[in-house]
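These notes are about the structure you will find just below.
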Amino acid sequence: MKVLLLGAPGAGKGTQAQFITQTFNIPQISTGDMLRAAIKAGTPLGLEAKKIMDEGGLVRDDIIIGLVQERITQADCANGFLFDGFPRTLAQAEAMRDAGVNLDAVVEIDVPDAVIVERMSGRRVHLSSGRTYHIHNNPPKVEGKDDETGEDLIQRDDDKPETVQKRLQVYHDQTAILIDFYGKMSGDNAPKYIKVDGTQNVETVKQQVLTALGQ
Ligand code: AP5
Ligand code: ZN
């Protein structure tokens, strides 16, 4: 099963990703998580990506495409994978199509911009696993601590309100076009297109996504 989660920053892609990967036993491929890991490790990619991410821009297509192409050849991707935050530009989507990556489903999580800004300010993440919480909507069992490891939760550097506005603008300028790219695809290789109202609570979104994916 090859699934793509599409949606604005803060729409809930990371939150829903964990349910899909557990249900279908496929790995999550989050380019955002991969870049944050590179930043934490201090690699040349991390150093280059940090400035761009802190400003809310997009990392270059060739770098991202190379990262993902390498990742999907790994053994754990043999039964499929979940793309989270990738493809994010038309060039990235075309590169996957041209590489023969046929998605089974595209899940669009639809959330208006006004809701996003509030969500980002309350977000807390566990950096090494990517697990995501919200101080009101989805709180951890112990304040400031990850449920599974007990390790500290952090606030992402790009969750400042002005950076969130920039990321939303970049989403509308460069990523929203993929709604049409995938939604209007036809033929044998066209993925099932699923659109979910992401303003509903986490559990309701989860049920609707899993049902639409056949669970
Ligand atoms: P990335 O990490 O992909 O960030 P993003 O797409 O901006 O999305 P987020 O992770 O911010 O949000 P999400 O949709 O996962 O929401 P979440 O579940 O956390 O990318 C970061 C940066 O890396 C980019 O800006 C770019 O610079 C670079 N990059 C990454 N991929 C790239 C690519 N392919 N090409 C180029 N550059 C790339 O939820 C948000 C909050 O809301 C949480 O607190 C959560 O608890 C809460 N929440 C979730 N669902 C609900 C709900 N239903 N109700 C109430 N609250 C909810
Ligand atoms: Zn995310």
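Keep in mind that glycine also has a Cβ here, set from the backbone N, Cα and C atoms.
The structure displayed is predicted, hence computed values, not measured ones.
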* Have a look at 30-59, 60-89 and point to the one annotated region 'NMP' in TrEMBL. => 30-59
* Asked: Per TrEMBL, what member of GLN174, GLN200, GLN207 joins GLY10, ALA11, GLY12, LYS13, GLY14, THR15, ARG123, THR132, TYR133 in binding ATP at one site?
  -> GLN200
* Integer Cα-Cα distance in angstrom, VAL59 (AMP binding site) to GLY12 (ATP binding site) -> 21
* Compile a sequence-ordered list of residues in the same chain as GLY12 (ATP binding site), six or more apart from it, whose Cβ lies below 8 A from its Cβ; state 'none' when nothing qualifies. => ILE109, VAL111, ARG119, GLY198, VAL202, VAL205
* To do: Would you count the other C-beta atoms found within 10 angstroms of the C-beta of VAL59 (AMP binding site) for me?
  => 18
* Who are the chain neighbours of the region 'NMP' (30-59) in space, where the CB to CB distance is under 8 Å and they lie at least 6 residues beyond its ends? -> 13-14, 17, 67-68, 71, 84-86, 88-89, 127, 130, 156-158, 163-167, 169-170, 174
* To do: Do me a favour and check the Cα-Cα span between TYR133 (ATP binding site) and PHE86 (AMP binding site); whole Å is fine.
  => 21
* **Listed binding-site residues with Cβ under 6 Å from ligand 1, out of GLY12, GLY14, VAL59, ARG156** => GLY12, GLY14, VAL59
